[in-house]
Each structure stands twice: as C-alpha cells, then as structure tokens.
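Below you'll find the structure, written out as structure tokens, and then a few comments.
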Amino acid sequence: MSDTLSDDASGGDDGQEDVMTPAELIGKLEEAWLNEKFSPELLENKSEMGECVMEQLTHMEANLQRVRRGDVKASVHRMEIDRIRFVLSSYLRSRLQKIEKFFPHVLEKEKSRVEGDPSFLSPEEFAFAKEYLANTETYLKAVALKHMPPNLQTVDMLKAVPEPCLDSFVFLRVRERQENILVEPETDDQREYVVDLDVDSQHLMRYRAIAPLVSSGAVQLI
Amino acid sequence: METHSYFPVPPGVGMEENFLSLDDILLSHERLPSRTECTFPRLGFLEKSSDSRDIQEGTKMEMPLFLAKGLYERKRRVVSVELPKVYKEGWRTVFNADPTVVDLHKMGPYYYGLGSQLLHFDSPENPEIAQAVLQTFIGRFRRTMDSSQNAYNEDTSALVERLDYLERALFRAGQSGLNSFQNWERGRASTITASSLVLNYRKRKITDLQP
C-alpha cells in the first residue's frame, strides 16, 4: 500500500528541509496519535506534521479525481484517505479534550515557557484555550459568583481545576535503549530503584518516570 | 470507551478535593462529631439541642466537613474533630478481619472519601486510619471488579447496595465496559443511536407526530 501511495503523491515532499517519504510521514502521524491518546498530559505540538498530512491528503484527492470511475484501486485509495483523515482528526480531538480538561495549567505552562522552546499549543489551540478560560470565568461569575459576598467573588482557576495526574500508569514499548531510569517509590516501604530499558521490550510504568523519553521519541506509548 | 459530550470533573484522589467536582461537594456535606474550643457568639441557632444565644466553649456538636475543614487550625483554637465511629479502633479491627462483608453504604456512603479527608485533621491515629482505608479497598476491590465484569443484562441492585460511592463508580465503569464489548461482539458498535442528551431533552417531536 505504501509504495502505491508514494507513487500517487510523489510531489508532496517539496517544502520540507528533511525529505520524508509519505509512508514515513504517516508513520510519524500514527506515533504522535498514539502518544497523545495514552499520555495523561498534553504533549508537544506537532502542527507542521499535521499540515504536511493535510497537503498529502489534498494531493491524493486531486489524483483520485483524475482516475476513471469503477477502478478498484480508486476505492482502496479512498479508504486510505478516509483512514488517514480519521487518525488526524482523532489526534486533534484528543489534544482539544486535554486542553478543555486542564485549561488553566496549559495556559500557565505556555506563559512560563522560555522563548526558545517549542510551543505546546498551536496558535489556534492557544486562542481556543484563552476563549475557554474567559467563557468559564464569565459563566461562573454570572451563575454563582456575583451573588456571593464581595470578598469571595474570585475563583482561582489554577487551584480549582485538577492538574493532570502524572502518576498514572502507561504501557510503553522501547525504541531506543535506555539505561538507569530512576523509578520513585510508591509507598513508604518501597525503595527507589533503577531499571534499564532494552529495545523492543514492553513495560507498564508510571508516566512521570518516562515523561522526557516520550517527548524525545525514545519510547512509544501503546 | 464512552465518549461524553462534556466531561464531569471526577472526585479528587487521596487527600485532595476537587473544587468543581459534584461528588466532592456532596462528600463535604458529611457530618463529623466535633467539639468547639472557644465560644461562637450569636451562633446558637446552629445547635438545635440547647437554646442559648451563643455556642459555649466545649460544646459537642456535629459539623459538616466543609465547616470543620475551614475552621480547623493546627493550634486547635477553634474546633477539635473526633473521628466518627466507623474509623475508630473497633470498626478498624472489623475491617481487618473481613472487609468484603461490611455494608459500606450504611457506614456513610462516602467511606473512602471521608476517610481520606479525615487525614487533614492531624489525629494521632492518622497512619492507622490510612492503612485501614487502603486495606479495606484492596480487600473489596476484587469482588467489585469480578461482579461488574460478569453481570450482563441482569438486575445488579443486590450487588451494588453494599458498595460505597467510589466502588459504585468503579462498578458502573466496569459495566459500561462490559456492555460496550458485548455490543462490539454483536457488530452493533457502529450503529448510530440517539444520544441520551437528546432523548432526555425530548425534542423529538417529528417522530411523535409520525403514525
């Protein structure tokens, strides 16, 4: 499937510094989708990858218009287009769900990040988060807070909305060998210990221990 | 997996209480036996048993959790909270012996939540309370999980009536998982059904008019 895909969409790579075949691009999209679905916090934003995928999809649809009707390959390609579109929209949907759930913390993280670091939110997501915050505050004020005594009329959103739980357990598959990952103790009787992660092994660990590895791509959440 | 059109805020984990969670708000209505350490002038109407105008020092009364938490200070000038009897030594040994037979709904429907919140009040028995709550949960969890995964299409009220609210939420999650899996097995996973919000809103006038 992937080589017919690259035949049809061979012109879609221009405009990127590192040339990626469309198959690799779709692979990266699926990895980002799985990581975003299973991680308890909002991960780094991959908007340039999303835009490349959209370009590919429009290219493929344009190709499909030129094919004559009734060709079996056309319906298979159409299914492929639909599947890729679903993966992309599911990726964006899970990001939006997390933004809605943790909106004050997301905005706080964005405000306090250093200038050179990659951003966690695309410009549209940032605008969405700010609007959501403004709407929620207006709603709470109009429904409840304006009837309260004057010194109780503010709600601190950072304390009111629960933080993402970084201690939740996630399944992961290791793609690059890692040594000396420190695992914190869970109860008072346990001690902290170190584990080594071998390539292609699968583990169930707390997210906090492997959070930096997910963003660097050394492990894949499953 | 259930996809909601909105996400209700879940109750807090452990000693945290989520500000916007309805479960935690209802939890904070639970009453605790407590003793006032100073007088509360002109608040006599709160305590129905005596009809003085203010609450004297040393009065024993029942306060809801939100009031007790707000008034409690480490120097204990204002109120001191006693443990409800379910968390005391006697009941703790009962839970140690066999956690699965106890009717936790009767013991205060928010047993785990209230137990976790009691840890805020610095009683000397805090480690034992924490251990007892944890061990009770561990002991009862297996049965809850088994019953939620194996009761398909039958009346579950007998199974659910002895569980407290945290366990009931787990039970419901297990049941919804089981139902979704059975639907998927029968190929009904992709049929579009009317959303429960629309059905409850009862705006389906056109179908009512059709003969």
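Including glycine, each Cβ sits where the backbone N, Cα and C put it.
Among the features that TrEMBL reports, domain 'GINS subunit' is placed at A:73-142.
Here the domain 'DNA replication complex GINS protein SLD5 C-terminal' (A:164-222) has, by DSSP, the following mix of helix, strand and coil residues: 10 helix, 25 strand, 24 coil. The domain 'DNA replication complex GINS protein SLD5 C-terminal' feature in TrEMBL is assigned to A:164-222.
Taking DSSP states H, G and I as helix and E and B as strand, the domain 'GINS subunit' (A:73-142) has 58 helix, 0 strand, 12 coil. Per-residue confidence over the domain 'GINS subunit' (A:73-142) averages out at a pLDDT of 87.
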